[in-house]
Amino acid sequence: MGFEISDDLLGTFVPILVYWLYSGIYVLLGCFENYRLHSKKDEDEKNLVSKATVVKGVLLQQTIQAIVAILLFKISDDLLGTFVPILVYWLYSGIYVLLGCFENYRLHSKKDEDEKNLVSKATVVKGVLLQQTIQAIVAILLFKVTGNDGSDATVPPSSLIALARQFITAMLVLDTWQYFMHRYMHHNKFLYKHIHSLHHRLVVPYSFGALYNHPIEGLLLDTVGGALSFLLSGMSPRASIFFFSFATIKTVDDHCGLWLPGNLFHVFFKNNTAYHDVHHQLYGSKYNFSQPFFVMWDRILGTYMPYTLEKRAGGGFEAQPTNDYKDD
């Protein structure tokens, strides 16, 4: 029986070996003084750290990278499908927090974001973390109950056509579930007052407030909706990693409050940042219920509010309903 090294070990240690072999070649070539950008004397005298310390530092970093890589290879698809979208949520939100300094691309001014919202950002962070904890628990239980943890190596990978069909199915299921649940939470006065109004405390939406909901709403809209999308589409846990990460990015983008040039979500989706911002305003609270992908249910059922993007006097943009709706 021949000795075999697994792909995960090769993927972990081959880049490290390549690093030192390729570096060693350049160490040997460094003797050709005529091709150096700095002299050998400058290399020895101007650097503020010894080569021995550099080697130790690099080896420490590579050790950490190797440990993380091995753990990543060993983590099952169901755990990745559970926690990667959570990580994506905070990373992508963080990017928009940084981009928020560009006042000329904001749908609301920074001053309005700080003054008009009825909940503090610290409370929003706590609320989102609570919802994500509940979602993670439900996701892990779902993978275990269905017995679909992605660990069966004998199952052939899905074709691109099958994956596309699963993604589109999941998108349609999630949109349908969230439209009718979301709309019902607006029309039922008890549910709106005690549950859904929590999300509408964000009059000026921002990225990491995308999942700020009452825990019951988070369970009904996002967790149950996500579970139905996963089950009815027939996707694997590995495919769900990409689908729920994409859905997370889309949801964050819808709440980011920025209208950035070249944003592909604004090009390919009518359900975008400005569309959802209209819903968060008083005049649009009975319209634009669709989320997170398409606007078909709003159009079919007459809850679509057309709008125009106008330049704001203080810089940036403002979503304004068209004339037909201004007097409603």
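Numbers here mean position along the shown chain, with the first residue as 1.
Heads up, the Cβ atoms here are built off N, Cα and C, so glycines get one too.
No curator has checked TrEMBL annotations; they are predicted automatically.
Under the heading transmembrane segment, TrEMBL lists 12-32 (among others).
Outside the transmembrane segment (53-73) by six or more residues, the chain places 8-9, 11-13, 16, 19 with a CB less than 8 A from a CB of the stretch. Residues or ranges marked as transmembrane segment in TrEMBL: 53-73 (among others).
Counting residues 6+ beyond its ends, the transmembrane segment (79-102) has Cβ neighbours under 8 Å at 110, 128, 132, 135-136, 139-140, 143, 150, 206-208, 210-211, 237-238, 240-241, 244-245, 247-249, 252-253, 256-258, 260 in the same chain. For 79-102 (among others), the entry in TrEMBL reads transmembrane segment.
Marked as domain 'Fatty acid hydroxylase' by TrEMBL: 168-303.
Break the domain 'Fatty acid hydroxylase' (168-303) down by DSSP state and the numbers are 94 helix, 1 strand, 41 coil.
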